[in-house]
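Asks: In case it helps, TrEMBL gives these features for our protein:
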- 48-68: transmembrane segment (TRANSMEM)
- 75-95: transmembrane segment (TRANSMEM)
- 101-121: transmembrane segment (TRANSMEM)
- 142-163: transmembrane segment (TRANSMEM)
- 169-187: transmembrane segment (TRANSMEM)
- 208-226: transmembrane segment (TRANSMEM)
- 238-259: transmembrane segment (TRANSMEM)
- 266-290: transmembrane segment (TRANSMEM)
- 311-344: region 'Disordered' (REGION)
Amino acid sequence: AGFGAGLALALASSAFIGGSFVLKKKGLLRLCGRARAGQGGHAYLREWLWWAGLLCMGVGEAANFAAYAFAPATLVTPLGALSVLVSAVLSSIFLNEQLNVHGKIGCMLSILGSTVMVIHAPQEEEVSSLESMAEKLKDPGFIVFAVCVLVSSLLLIFVAGPRYGQSNVLVYVLVCSAIGSLSVSCVKGLGIALKELFSGKPVLKEPLGWVLLVCLVICISIQINYLNKALDIFNTSVVTPIYYVLFTTAVMTSSAILFKEWQHMVLDSIIGSISGFLTIVSGIFLLHAFRDMPLTPSLLPLFLQPGRADPHPPWSSADRHQACQHQPLLPLEDKGSQSAEEEE
């Protein structure tokens, strides 16, 4: 029951989040010369389409929130590849962003890789109370990971952002992905708190739940801000797949450190999970790297191009006769001078 509920919520989350990217981009395109998000402006706050996209993202994140409460993070997060598929299809329809054959193959590979990862999803350690969640948050490995995420995010925001934010898509997307790994950890903790609250325990008196809620609000605010900048500067079909790959990698790393998901996995499950993730990355690469390359007949091999003669005709007698003739090793002038030297 928990697996089915988590799977259904994750699928709904992907649909809403994929649509939210397109709605937000539509709202950003309607600014018409006003202060854009890429230059630090906030004129998009007056566009109802942007708010509709934000509402869809909120619904998707709420469904994602509930999915994390029912299923492991490594099971829920790979299904975010479906949001890439939804965003790519809707972008080709409503934003006139072409989805070529490579993009379609990339979407299929993303779905295939997600299915493989779901089948071989690792099991996380059971965390049933806020006390056990607090013990896991105190783990030295997770503390080192959180400090590295915060320091790298500050460097990206204040050092790399002003220099390379307008030309490199990785700057702002890395900020969203790194902070997103911490937000997923907060979501898992809040899901445990809600379960305890519904069971009648005095969770509201526990300070950890409020700390996780404040941290989640801060993390989501940072993600929204820098995701808007990335969407305003770069193409949606570029931002969405790169964000998915980096976000999934960060969440898998955070979950593996915090919940020890990979500790009790057998070899075939490890290989299956890695293979599924690499398949997703391959699909995302096809979707991103060849997005502007149309598959025209000129790109096909010559024997598959319509109306083209075979560039290598069958072996004929004339060709055989011409090929059997020995070509002179020296030019004619050199041969004449060589014979004159022999006569002398």
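Even glycines carry a Cβ here, placed using N, Cα and C.
TrEMBL entries are annotated by machine, without manual review.
Fair warning: this is a prediction, and the values are worked out from it, not measured in the lab.
Each of these features: where is it, how hidden is it, and who are its neighbours?
Replies: Counting only same-chain residues 6+ beyond the ends of the transmembrane segment (142-163), those with a CB under 8 A from a CB of the stretch are 136, 171-172, 174-175, 178-179, 181-182, 185, 222, 226, 250, 253-254, 257-258.
Same-chain residues lying 6+ beyond the ends of the transmembrane segment (169-187) with a Cβ under 8 Å from its Cβ atoms: 64-65, 68-69, 73, 77, 137, 142, 146, 149, 152-153, 156-157, 160-161, 212-213, 215-216, 219-220, 222-223, 226-227, 229-230, 233-234, 238-239, 242-243, 246-247, 249-251, 253-255, 258.
Long-range Cβ contacts of the transmembrane segment (208-226) within its own chain (Cβ-Cβ under 8 Å, at least 6 residues beyond either end) map to 54, 57, 61, 130, 133-134, 153, 157, 172-173, 175-176, 179-180, 182-183, 186-187, 189-190, 193.
Here the transmembrane segment (238-259) has Cβ contacts under 8 Å with residues 18, 21, 72-74, 77-78, 80-81, 83-84, 87-88, 106, 124-125, 127, 136-137, 139, 141-142, 145, 149, 169-170, 173-174, 176-178, 180-182, 184-185, 188, 227, 230-231, 277, 280-281, 284, 287-288, 291 of the same chain, all six or more residues outside its ends.
Through the fold, the transmembrane segment (266-290) approaches residues 74, 78, 81, 84, 88, 100, 102-103, 105-122, 237-238, 241-242, 244-245, 248, 252 of its own chain, all at least 6 residues removed from its boundaries and within a Cβ separation under 8 Å.
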Asks: Are there residues at least six beyond either end of the transmembrane segment (101-121) with Cβ under 8 Å to its Cβ atoms? List them, or say none.
Replies: 7, 72, 74-75, 78-79, 81-82, 84-85, 88-89, 237, 241, 268-273, 275-291, 293, 295
